[in-house]
Every structure is written in C-alpha cells, then in structure tokens.
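Participant: Pulled these from TrEMBL:
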- A:6-117: domain 'Tetrahydrofolate dehydrogenase/cyclohydrolase catalytic' (DOMAIN)
- A:137-277: domain 'Tetrahydrofolate dehydrogenase/cyclohydrolase NAD(P)-binding' (DOMAIN)
- A:GLY163, A:ARG164, A:SER165, A:ILE229: NADP(+) binding site (BINDING)
Number of protein chains: 2
Amino acid sequence: MTAIILDGLGLANELALELKQEVNSLKVIPVLKVILVGNDPESQIYVRSKEKRAREIGINLEVVSLPETIEEREILDLIDRFNKQDEVDGIMVQLPLPQHISYHNIINALDPTKDADGFSAVNMGKLWLNEPNFIAPATPKGIMTLLDHYHLELAGKNSVIIGRSNIVSKPLASLLLARNSTVTITHRQTTNIIEIARQADFLFVATGQAEMVDKSFVKPGAVVVDVGINRTDHGLVGDVNFSEVKQVAGYLTPVPKGVGPMTVISLMEQVVSHAKMREENGAKSD
Amino acid sequence: MTAIILDGLGLANELALELKQEVNSLKVIPVLKVILVGNDPESQIYVRSKEKRAREIGINLEVVSLPETIEEREILDLIDRFNKQDEVDGIMVQLPLPQHISYHNIINALDPTKDADGFSAVNMGKLWLNEPNFIAPATPKGIMTLLDHYHLELAGKNSVIIGRSNIVSKPLASLLLARNSTVTITHRQTTNIIEIARQADFLFVATGQAEMVDKSFVKPGAVVVDVGINRTDHGLVGDVNFSEVKQVAGYLTPVPKGVGPMTVISLMEQVVSHAKMREENGAKSD
C-alpha cells in the first residue's frame, strides 16, 4: 500500500484560475501591501512566491522594503497609513522581524479587516471563539481547503498536531475543533509523543525539524499533513520522512508542492475577498 | 485508596483575606459593574455570590439590572460610559443574555483592560497566543491557582478537557498549553472519549451533564477537576460522579466548594489588580 499524495500545487493552480476570473469581473483592483524588513534570504524567497501568484491572479502586490535598522514607530506609522487607505485590501508583515521590533505591537496595529495573515490577537480570538467575521491564517486555511478537496471528513476523528506555533498550530487547532474533530496539541515537552501520534486519524506536523516524523508515528491509513519546509544538503524536505511515511499513511502531503502553495493561495483568496467587499460597499454608498 | 480533595472554598477564603489587606492598603476603591439583563434565577444566584465576596474584600460591586426587553444599543451605550469612567475597574455581563442581543457585540465592546471576565476576542486571542497583558477568564484562572496551590505540575503531563465551551474549555486549553502540558479537547462528537480520558494525568470536565463522568473515565491516580454545577433532586452535583471517582482519582475537586469559589475569587483578583494599576498610573500623573 502506498499513500495517496495530496496535490497542493495542483489545487492551488486551479484555485488561482478561479480567482483570476473573479478579479477580472471586479471593477476594483485588489491591493496587498507586504512589509519586508531587512534582508533575510528566506523571507525574500517567500515574498517572491507570493508576488508570482499575485501577478498571475491580477492582485496588485506591493513590497515595501525597509532597512533592518528601521524603528518600530516608523512601521507603525506606515501601517496606520495603509489602514486608512480605502484601496488597500490587505497588509502583511513578513516574518521574522528584527529583535528590536515588537511583533505583537506591529501585528495588533493592523486594521483587523486588512490583517491578511490573520495573526492579530483579535482575529485569532474570533477564530478560537467561533465568532463571525474573522480572517483565518493562511496556512491552516489552506490545509482545510486541501482536505475538503479530497473529501476527508474531520468530524468525530482524532486530530493530533505536533508543534504549537502561533502562526500554524494554534489557529489550526481552532479550525479543527470548529470542524468537530477531537484535537490534541503536542510539543517538545510531550513525553509519549509517538504513542499519541499513532492514535491520530489526522496527523499535522509543524515542528521545523527536518524529517523528524518517521513511520513509527503513523497509524496505518492516517492522513498526514506536513507543514515543514527545511532546506538540507539533499534539497527541500518537510518535517515528515516522506519515503518512509508514504508506505504507511493513507494520504500524505508532499514537500514542496503540498501545504506551501495552499498557504499562498489562501492569502490571495483573503485579499480578493476584501476587494469584493470593498466594491460592494462602494456600490452601496454610490 | 481515596482521592485528596482539592479544597477550592478553603483556598478562596484565604485569598479573600489577602485581597482584603491589599484593598485596605489602596487609596482608591476597586469598582466592578455587573450588568444583569432579565430575571434568570440562576444568574441571580451567581451574582449574589459575587456580591458577597466583593463586600468581604472591599470591592464596590454595583449590579446594573436591566429589563429583558432592553435593546442592544442601550447596553452598548452603558458599556461605552463605563469604559470612559476612570474609576471603573471592571465590567462584566452576566450570561445568558436574551436572544435578541448579540453576545459578541456586547462582549467585544468592552475596553479590553476592563473586560473582567476576559471573554472578549482580543483577550482570548492574547491568551491563546501567549501575548502579554491579557485578562484570563476567571474559571480557568481559578483552576490554575488551585492546582498550583497543591503543587500539581502540569508540564509534560497529558491534560484532557471534556467539553469545548468558549468561557471555560478554550481558555483552559490556552493556559494548559502555556504551562507546557499536552492538551486534548474532546466533545460530543468525540467517538472514543473514555479511551482518551483514561490517558489523562489531568482530566477537566465541563460538559454541563450531571455526573456523566464515572470511574471508567479515570486513570488511577489522575487529577480530576469538575467544572460542572447542576441542580438535581438530590442537590448540587458536578459533571463528575464524585463518590465513584474519588475511589480512583489521586486528586478531585468537590462540587460545591471546588472550582466555583475559585472562579469568583479570580474575578475579584482581576478587579483589584486593575485598581492597583489605576492607582499607580494616577500617582505617576500627579
């Protein structure tokens, strides 16, 4: 038996075509501002993949490159300006930020409706509480879209998340719980992690440790979602040992071409959705 | 073997004495506004137990009783007024609210620093994300205080929560994760709930179903925290079958006199802490 591979890139390409048609039918042009501080080479790779998708779809993505030494105050002023500009649909701050800048201050300064990454406390809180009108972080949102595409039903199933990051694991837990899955969050201090992982119908791995999850973690037939992206001597790999786990899992996301493209397309969906709302509101006030 | 009973009432009484001394040493008087809509008899019981504690400690608790038919707008105006009044340290809205009023609108209108229950999206989000300066909901906060008092270490242990309410289970999960516990959230759609519960070192029960958790759910020696309060023909009972579970558990909270008094005292701690901050800020601006 070998796992069915969940084709994130294929689905993202399909969704990009649909989004392009949606954008063509709009009178307004969706605008996304990406704030990039410093010269982290990883960040630049991520930003380029977003630029490529945005161009394809017809989103006006502007990268605002700021020097490593910029003061927090200046970024806050810039955010304040974008918050007030009606034509801006989304603002995102590429992570990581330099040490002297408070991530919390920056992210919570975003207008919640323009917080394209959904990382602000108020969006995270609304998502956790199942309130209406939140923005879900792109990675967990993209994972849900991918699982839905393959008709993988979460309700009543055991979901186990390895890792507890704010940007992936916690919002993922919120979404899984809203889908009526039983949710376990494990982390470095979990003592019996393999035993817990082996009970998962859905296993989500977001640890940042290359290929740490081997087949001993996986119940036969389980759905395994690999959120990791690690650059190694033998190329890009995930947090899951792909060749081993694909012999045991029922479904498995590859790295690359799995969760990564779904993250980018989810961000774009968010921006287009804000632009549609803006057009509707504009039409109403005409 | 019989479980050690976690004496919530005893600890709450001790903490009340300490809080009273703190309040005596303040120049300002802590003020808590409790908004009570309609005539729900349960709500009135809960409000009275808060009034009693507040009086003991020296907190000025004012109950604002509003008719069942009041419009949402009027409650929002009232909250706006309390938000602006410097001398108000905390505002809480007794649940449940009548159907025609949006709980989300009301709760998210509170100034986050005066949101004494910590139920607003921004406070819940900050807690979930481990950001500084949040207000933790009183019940989970009280549970942590109780466990700490008995030196029950959560790190690396398996915590299982039965129930997924916004006001108890979700913020409890946030706090447990921040304490480095492995956290599982189960609910009505969980299929193998007994099997999961039996793996818990810490079992938290908040289902609102009288005595649903019997000894089959409990690993010998586990810590069992009962958040339920159910009025039955044979008096107040929790969500745990106390007489059965106490034969198996290592530690167990009683109902009443367990989590309930810890919830009330945690709310009072929150109000006093805001009053202290207000006094310090006032002193600075003198």
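Cβ coordinates are placed from backbone N, Cα and C, and glycine is handled just like the others.
Because TrEMBL annotations are produced automatically, they should be read as predictions rather than curated entries.
A description of the local structural setting of each listed feature is requested, covering burial, neighbours and distances.
Facilitator: Within the model, the domain 'Tetrahydrofolate dehydrogenase/cyclohydrolase catalytic' (A:6-117) shows a mean pLDDT value of 97, rounded to a whole number.
Per DSSP, the domain 'Tetrahydrofolate dehydrogenase/cyclohydrolase NAD(P)-binding' (A:137-277) is made up of 53 helix, 28 strand, 60 coil.
Cβ-based neighbour count (10 Å, all protein chains) for A:SER165 (NADP(+) binding site) stands at 16.
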Participant: Chain B proximity: which binding-site residues among A:GLY163, A:SER165, A:ILE229 have CB distances under 8 Å? Answer 'none' if there are none.
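Facilitator: Near chain B, no listed binding-site residues qualify.
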Participant: Over all pairs in A:GLY163, A:ARG164, A:SER165, A:ILE229, the listed NADP(+) binding residues, work out the largest Cα-Cα distance in Å.
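Facilitator: The two farthest binding residues have Cα atoms 16 Å apart.
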